[in-house]
Amino acid sequence: MRHLQDQTVLILGLGASGLAMARWWVRHGASVTVADTREAPALLATLRQELPAVKFVSGAFTPDLVQGSAVRAVYRSPGLAPAVIAPVVDAARAMGLPVGGELDLFSRALADLREVSATEVVKDHLVPPESPLSDASDISDASDATDAVDSLEGEAALAADASGDIEEMSASDVVEGAPVSEDAGEDAALPALLAPAPAEQAAGYRPVVLAITGTNGKTTVTSLVGQLVQRAGKTVAVAGNIGPTLLDTLSAHLDADTLPQVWVLELSSFQLADAQDFEPTAAVVLNVTQDHLDWHGDMDAYVAAKARIFGRSTFMLLNRDDPRVMEMLPTPVKVRLRPPQVRPHSTFGAGEPQRPGDYGIETVNGMAWLVRAAQADETIKRRKGEEVELHIQRLMPLDALRIRGRHNATNALAALGLAVAAGCSLAPMLHGLREYRGEPHRVESIAVVNDVEYFDDSKGTNVGATAAALAGLGAERKLVVILGGEGKGQDFSPLAEPVSHHARAVVLIGKDAPLIRSALQASQVALLDAASMQEAVSLAAAQAHTGDAVLMSPACASFDMFDNYEHRAQVFCDAVQALAQEQGVVL
């Protein structure tokens, strides 16, 4: 990474990513200027304390930040809107200067590390003794794997597992444990991409890189993949949009000499929009619905940004229930005297899988199962166009999952598919999947009051997330849903169908409540208005019947009434707690 030394770079935006890029360049001997439109961004004190040699400039992003200066490269923070940075970016490109982001630097760093062993990196003093992350040595221990269900055999044992009647054993016994189901088997029938060479090999550092994006479900799937990979016995680092940043995490592992076998990256459309030469081992686009159109300009640009995660040759994991995602699969390439060459991929979805290597859900005798398909007999040669006979492998019952809703079942399938593509064995991952409790504020069960369960989905800040939560949770019971907030210019009409099918009533809050009411007017569901979250919870409780659920999934940003989505969640939880106390229920 000596090519980074003695460079003069400009970083636009002092957020978490901007600070991480400044740290990265400084550690490699560059001269750095950070520019921000804000006079005193929140991380300015941190920048000045950690990196006193870095110059900070506040004010509008104008061409003179690069024109007539010594700057030789420009890097932007992902949250900055293209229109805001356009004067600088356009000027830089006109001068022939490279323009990139944190993902580009991370990709280049991994490419550089392939050329030398991790030991040589340390010997060359390319890493300083201190890390920007105080808990660097614990990064690969991203999940607690102290307990695991005992080894199971067959579908009867899985059914027992679903009811929680299985004896537990230590994590060390699980990594090489028996399959959870006779059908689970090993992974020979699936497109595994094998594990990387260890970091200390002379051949250089060659990790598996797994990348996740999508409008909704990114954080859940990223966190789950990290835990499953670790359960499969591999060292793992989880970074990106989920936090911590890509470069801070890489720096911490370099400092601790703990480069992981597998990287699991959550990437937003902002990070992917201008990414260059990013080629992960395997990647998934979970779904694409309207979001961030004010940033991208239109839906086509938003979809194109998401699709960049697949690079040129990355193994693709696709949501077959989402037409926009399936359109990302390239057209088969015609080859003379051979069948058309299809890009390596597999799919997941809420229905039964239809081709070998795909994942889905199958219902047998009233019990829904996570399943995958394999070719029944791989030794049989088939004629062109002849249908493949499938063997459906039952992996585990949906009831064994602690994360709720059909949408989370498909998230689980996506996580399994991505981890299997990294060469991870299925058996230990199924144990880990059963233990995963989900992420805060994402269809999180917080209380049961008088036989009505209350769910916090405050992270449901767009229509797609709320539609998925309604369909997923509504498959089990009727819902009273709390909607509303700052709508970000979204079209709320896609909520009409899931509300009509799954909601008993809707309570509306916030700035864009009138727009949501208009979109749901024909749904024939009671629409109620509330001036506060406390009133919304009271109205929802009054509308709910025994066995129903109250779902706070606003489909909107929170800034009209709250500090952020976490504050909104806390106010909701406090209101439910107060309701329980009023009704004499101890939580």
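Residue 1 is the first one shown; counting continues down the chain.
Glycine is no exception: its Cβ is also placed from the backbone N, Cα and C atoms.
From the options 124-147, 340-363, the stretch Swiss-Prot describes as region 'Disordered' is 124-147. Same-chain residues that are not part of Gly214, Thr215, Asn216, Gly217, Lys218, Thr219, Thr220 yet have a Cβ within 8 Å of the Cβ center of the ATP site turn out to be Ile212, Val221, Leu286, Asn287, Asn411, Ala465. Comparing the binding-site residues Thr215, Thr219 by how many other C-beta atoms lie within 10 angstroms of each C-beta, the top residue is Thr215. Same-chain residues at least 6 positions away in sequence with a Cβ under 8 Å from that of Thr220 (ATP binding site) are, in sequence order, Ile403, Asn408, Asn411, Gly438, Glu439, Arg442.
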